[in-house]
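Student: Per TrEMBL, the features are:
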- LYS14, PRO15, SER16, GLY22, ASN23, GLY154, GLU155, ASP156, LEU193, LYS202, MET203, SER204, LYS205, SER206: ATP binding site (BINDING)
- ASP142: L-tryptophan binding site (BINDING)
- 15-23: motif ''HIGH' region' (MOTIF)
- 202-206: motif ''KMSKS' region' (MOTIF)
Amino acid sequence: MTSAHSRVSFSGIKPSGEVHLGNYIGAVKQWVTFQENMKPGDVLIFPIVDLHAITVPFEPLELRERLVDLVCWLMASGLDPKKVIMFVQSENPDHPYLAWLFNCITPMGWLERMTQYKDKARVQGQRVSVGLFDYPSLMAADILLYDTHDVPVGEDQKQHVELARNIAERFNRLYGQTFQVPNVVLKQEGARLMSLQDPTKKMSKSDEDKAGCILLKDDADTIRQKIKRAVTDSGNEIHAGKDKPALTNLMVIYSEFSGKSLQEIEALYQGKGYNEFKLDLAEIVVEGFAPVQEKYRALKKDQAAVGRALSDGLKNARAISSEKIKQVQKAMGLEK
Ligand code: AMP
Ligand code: TRP
């Protein structure tokens, strides 16, 4: 249960596709830092949001497998199920229940403005699902069920978290103070990692150009190849800036793995060229991934640990969300 003094952080990840460097740097690494800086009473909640994954076409046989795989990657990256709550969203019916209630107070116009929906709908046309349109309402339910203060996400999710804020404020106005209004937490650098093949597009698992996206499971040679083939900007000197979007993106990756600032990296590579920088970057990423990949392989053989993490997580999540649902039902006149 959350106490009056606890600070709640919440973020979800979809079990669709493979986990990539954008997820890792923009979100997962940030969650691990939250865990490291946790104070007594803080609550960290990181569900696998499978109900969001099914808003686009998917393969049923793959869903559970991907889900378990994702939990292994999250634990291998450093999330400790004894410290944070991890669970499967579809196993907690409070989420879609609250999403329905939110559907009834959310104007269509708010959802029609969501850029992620507009982008996907443009591609899918009339086949686009109602679920995809309603995706942000479910996401608001995820966040608001736990009286979340902070939502650490990548930049692409900022608009959705702002919508959750609007829904919380509207509900509180209509039915009385019920929900904490959450804040989005973005990293200063790395909140939007771009494709290695096109610095105008974000790194994404759905990217047709696989060379632009480094996967957590990529072996050392694949990582080296992808970094070697990464596009660069004109010129040859190592400096970050708007005029060098491709190189800046690579420098952000370097910074994330080495702990050095962009300025420090510039100083380190003064008088050196792209090639040397890329060779070093590849080794830094390979070394950074090695312990994560090793832990992942061990966890894949210990499915019991994953099962335990998810069932403990579900119990803890429901203990919080079921109380919130009672409060909401009372506020809306839905109680028995
Ligand atoms: P998803 O895989 O879409 O469920 O996203 C999980 C998390 O990774 C979310 O917080 C996203 O904002 C974040 N994320 C996804 N792609 C990127 C990217 N290219 N750069 C930074 N963060 C990202
Ligand atoms: N929509 C998010 C994404 O694509 C995943 C997500 C679902 C989420 N519910 C959430 C993130 C609640 C933060 C909080 O990445």
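In case you wondered, yes, glycine gets a Cβ from its N, Cα and C as well.
Curation plays no part in TrEMBL annotations; they are all automatic predictions.
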Student: Considering only the binding-site residues LYS14, SER16, ASN23, LEU193, which possess a Cβ situated under 6 angstroms from at least one atom of ligand 1?
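Tutor: Cβ under 6 Å from ligand 1: LYS14, ASN23, LEU193.
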Student: Using C-alpha atoms only, work out the spacing between GLU155 (ATP binding site) and ASP142 (L-tryptophan binding site) and round it to an integer in Å.
Tutor: 18
Student: Can you tell which of the binding-site residues (LYS14, LYS205) has the fewest other C-beta atoms within 10 angstroms of its C-beta?
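Tutor: The binding-site residues LYS14, LYS205 were compared, and LYS205 has the fewest Cβ atoms within 10 Å.
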Student: For the binding-site residues ASN23, ASP142, GLU155, which residues place their CB under 6 A from an atom of ligand 2?
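Tutor: Correct list: ASP142.
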Student: By a simple count, how many Cβ atoms lie within 10 Å of the Cβ of the residue listed as 'L-tryptophan binding site', its own Cβ left out?
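Tutor: Counting Cβ neighbours of the residue listed as 'L-tryptophan binding site' within 10 Å gives 26.
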Student: Ten-angstrom check, please: count other Cβ atoms within 10 Å of the Cβ of SER16 (ATP binding site), all chains counted.
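Tutor: I count 21 other Cβ atoms within 10 Å of it.
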Student: Measuring Cα to Cα, how many angstrom lie between ASP142 (L-tryptophan binding site) and LYS14 (ATP binding site)?
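Tutor: So the alpha carbons of ASP142 (L-tryptophan binding site) and LYS14 (ATP binding site) sit roughly 13 Å from each other.
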Student: Within 10 Å of the Cβ of LEU193 (ATP binding site), how many other Cβ atoms can you find? Include all protein chains, please.
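Tutor: Summing over all protein chains shown, LEU193 (ATP binding site) has 26 other Cβ atoms within 10 Å.
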Student: Might you list, by sequence position, any residue in that chain lying six or more from MET203 (ATP binding site) with a Cβ less than 8 Å away from its Cβ?
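Tutor: Listed in sequence order, they are HIS20, LEU21, GLY22, LEU193, MET194, SER195, LEU196, GLY212, CYS213, ILE214.
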Student: Can you count the other CB atoms that lie within 10 A of the CB of ASN23 (ATP binding site)?
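Tutor: There are 25 such Cβ atoms around ASN23 (ATP binding site).
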Student: Can you work out the mean pLDDT of the predicted model over the motif ''KMSKS' region' (202-206)?
Tutor: 87
